[in-house]
Amino acid sequence: MMGCWVLNEGLSIILVLSWLGVNLYLFIDTFYWYEEEESFHYTRVILGSTLAWARASALCLNFNCMLILIPISRNLISFIRGTSICCRGPWRRQLDKNLKFHKLVAYGIAVNATIHVVAHFFNLERYCWSQSKEAQGLLAALSKLGSTPNESYLNPIRTLPMNTTTELLRTIAGVTGLVISLALVLIMTSSTEFVRQASYELFWCTHHVFIVFFLSLAIHGMGRIVRGQTQDSLSLHNITFCRDRYAEWQTEAQCPVPQFSGKEPSAWKWILGPVVLYACERIIRFWRFQQEVVITKVVSHPSGVLELHMKKRGFKMAPGQYILVQCSAISSLEWHPFTLTSAPQEDFFSVHIRAAGDWTAALLEAFGAEGQALQEPWRLPRLAVDGPFGAALTDVFHYPVSVCIAAGIGVTPFAALLKSIWYKCSEAQTPLKLSKVYFYWICRDARAFEWFADLLLSLETRMSEQGKTHFLSYHIFLTGWDENQAVHIALHWDENTDVITGLKQKTFYGRPNWNNEFKQIAYSHPSSSIGVFFCGPKALSKTLQKMCRLYSSADPRGVHFYYNKESF
Amino acid sequence: MGQIEWAMWANEQALASGLILITGGIVATAGRFTQWYFGAYSIVAGVFVCLLEYPRGKRKKGSTMERWGQKYMTSVVKLFGPLTRNYYVRAVLHLLLSVPAGFLLATILGTACLAIASGIYLLAAVRGEQWTPIEPKPRERPQIGGTIKQPPTNPPPRPPAEARKKPSDEEAAAAGGPPGGPQANPIPVTDEVV
């Protein structure tokens, strides 16, 4: 049991530990370099260890800012997923966790930013103090350097400081640093789970402040205020000897005045690659936006669900993938994700959209879902489509047995999947590796998904026509009902078809007992690898992961459950 | 963006600003920066803002995730009535609190963040939002047999069909409901349900 958990989770843990390890290595290595490096000796006289803290965290920030754009380059990830070079099995599953990695790197940026900002507060304070009247001795001598024409300065604060805030705002680094920090705080406060659920649009729009973040980051180091002694000066000026003879630097030939130069900005070198990559992503999206999308069919389902059939040139999809949809008539900047509910074998692609917020409600209204009048095709608003982007369900066909579990609206990716299974079964030529599919659907209100029940009904008939009734085994669980429904159900208990869905398989009431279900499946398929696919709320995801670990046997030849979660 | 409750974001922003103020204040006080007393002020202001903003207000529709342990602060914040309910007051309060921290470098980020939070609260107030405390729902103890006021007055063995008032298949659906019509029982019945 432990072995399976290690296999399932092991690769994720290794990747996280590697990332942490690289961060720690960069931090500690840079820290000791700045603490011991000769050329920064005089800088350390003024600043102390906070120089090293600031520089070490700066390098980690560069590293993390480079990484953060990569997990959300969706086209890149889809591309990697498509090529099967390195991406079988466990590695493919890591690609599904791209958003988790994005969040992890964001936390890394936040921690390093805190260290960096605090260290620089100390640095600025010490620079200001060294330039003030109270400073004496070596500090004062170092700060005075640069006043005469053939001297280079060490202390970036050249005049008597008024207060540290004004000095901050006089430097490029200070102003951009403030802007970057503000941008980071705004992005993080609008990305908390609560705000994302309360208003996805706010999260999406505020997140675009990252453009300001990256621009400011690129020019942050341009002031070159991190100053160290030049190599030429070091060869002429022996620090250990001359350190205490600062009064004689101007006159004595043995200790010429030390010369300093600023460090070249390096942040842009780290972030250039990913920024260009992400810019390409957006260009691809813009190009896809220009492509024409033809709406071939609009179906308005009674429970506030809109089904759209569309066609686009060169559009190829796999079951479980999603697209980003934009409607200029509603908002020219917003792209919302929707799972594709059609199978790849069909000549159109479709999405089912439920009114769940501002944008979706406006869309339903624009397509005349509310009113009774039929819309003319030329009056329908123009849509733009980006994608399709990959998701876990393409792996369903790689397992001999698959268990698909959907909760509520999470059933949409499985619609495409089941349709695809239906088509694949009809083409009798290539035998599928997949031989059994268990499908669980848990929903509170069956009315919201009556469009899906239709699909199941036609699938049921098709399967029995083909003589493959045992291929698909589905269980519907209704978790919410009122008194009237209960009475109705009880009255029709003994009939052949289910009273809610009209299907031969009866609906169950209440939540499934996962222990029993998994036990049953493990018993029926004692030595197979079983893929478990889930789309729905987090709490249930945790339960299912636990079940997968519990019921996977320790024996490598025994039954193994592999958990895959769908997420946007 | 019509349906956004701006107060939700303002609350997160203000809480983050409070934490930033506390951090900046500690840095300034511990490092004994010039004018470090602003740092001490910043710590106090930061703690106050955090305590005020910790209890999340209730969303207008849908359920609200409570922060861990927020019910203690909710009762305190509730006491101030309109002062804490009204977002105009909060906007002005945050703006005023942020100003003194702006004089010190270490806390200037806190000032900027709190000022932004104040702006978002102003927007929320203009749109008529209010802070409503999340009350714990009174737990309804399931009354066992609470709807059974009296036992069925027509338990078996029953007299023959013509004496019965209800048809037989409705008994399957309704459970524990009060029976229709009094009926003289041949056998005395006692109420065993407490």
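Glycine too: its Cβ is placed from the backbone N, Cα and C atoms.
Copied from TrEMBL, the annotated features are:
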type: DOMAIN; residues: A:285-395; note: domain 'FAD-binding FR-type'
type: TRANSMEM; residues: A:12-33; note: transmembrane segment
type: TRANSMEM; residues: A:53-72; note: transmembrane segment
type: TRANSMEM; residues: A:104-122; note: transmembrane segment
type: TRANSMEM; residues: A:168-190; note: transmembrane segment
type: TRANSMEM; residues: A:202-223; note: transmembrane segment
Stretch with greatest number of CB pairs under 8 Å, the transmembrane segment (A:53-72) reference, A:12-33, A:104-122, A:168-190, A:202-223 candidates: A:104-122
Same-chain residues at least 6 beyond the ends of the transmembrane segment (A:12-33) whose Cβ lies under 8 Å from its Cβ atoms: 52-53, 55-57, 59-60, 63-64, 67, 94, 97, 101, 104-105, 108
Composition by DSSP (helix, strand, coil) of residues within the domain 'FAD-binding FR-type' (A:285-395): 22 helix, 41 strand, 48 coil
Taken over the domain 'FAD-binding FR-type' (A:285-395), the model's mean pLDDT: 83
